[in-house]
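If you look up Swiss-Prot, you'll see 1-21, 119-139 marked as region 'Disordered'. Sequence annotations record features per position, and here Swiss-Prot assigns phosphoserine to 2, 136. What Swiss-Prot lists as compositional bias 'Basic residues' is 7-19. According to Swiss-Prot, the feature ubiquitin cross-link maps to 14, 16, 120.
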């Protein structure tokens with residue numbers, strides 16, 4: 001008997017996304033679609049979007065962690081573009097990676113050149129035993 005007369009109900013397994021199979025939060029399917037539509041190559045392998053999504057997720061997590069630390073240092077509970085800028089520019093590798101990137105509303109790193117800083121005075125007594133003859137520039 002071929003069993004054509006019996007109605008066998010096959011329960012289809014619940015669809016599992018490629019992101020969940022890879023243990024990622026970033027969408028593997030969307031990355032795959034963007035790779036195909038972007039005219040980067042004629043064909044895109046099955047592992048390429050998984051790898052790219054994992055790399056993007058890692059970089060995002062790294063930047064967000066550093067930006068969260070910058071926000072906490074400034075006693076803020078919300079990350080703003082300034083915190084992203086501080087996070088990226090204070091990290092050597094991220095700064096090299098994102099060297100040509102401008103972050104809108106990010107500002108600049110506080111930096112004063114060493115030659116512009118005031119000279120350190122030597123306690124007021126010179127080597128000859130007399131008091132230093134430096135006068136203030138206030139008139």
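Cβ coordinates are placed from backbone N, Cα and C, and glycine is handled just like the others.
When the alpha carbons of residue 14 (ubiquitin cross-link) and residue 120 (ubiquitin cross-link) are compared, the span between them is 72 angstrom. Taking all protein chains in view, 6 other C-beta atoms sit within 10 angstroms of the C-beta of residue 120 (ubiquitin cross-link).
Shown are the recorded sites 14, 16; the one with the most C-beta atoms within 10 angstroms of its own C-beta is 16. The separation of residue 16 (ubiquitin cross-link) from residue 120 (ubiquitin cross-link), Cα to Cα, is 67 Å.
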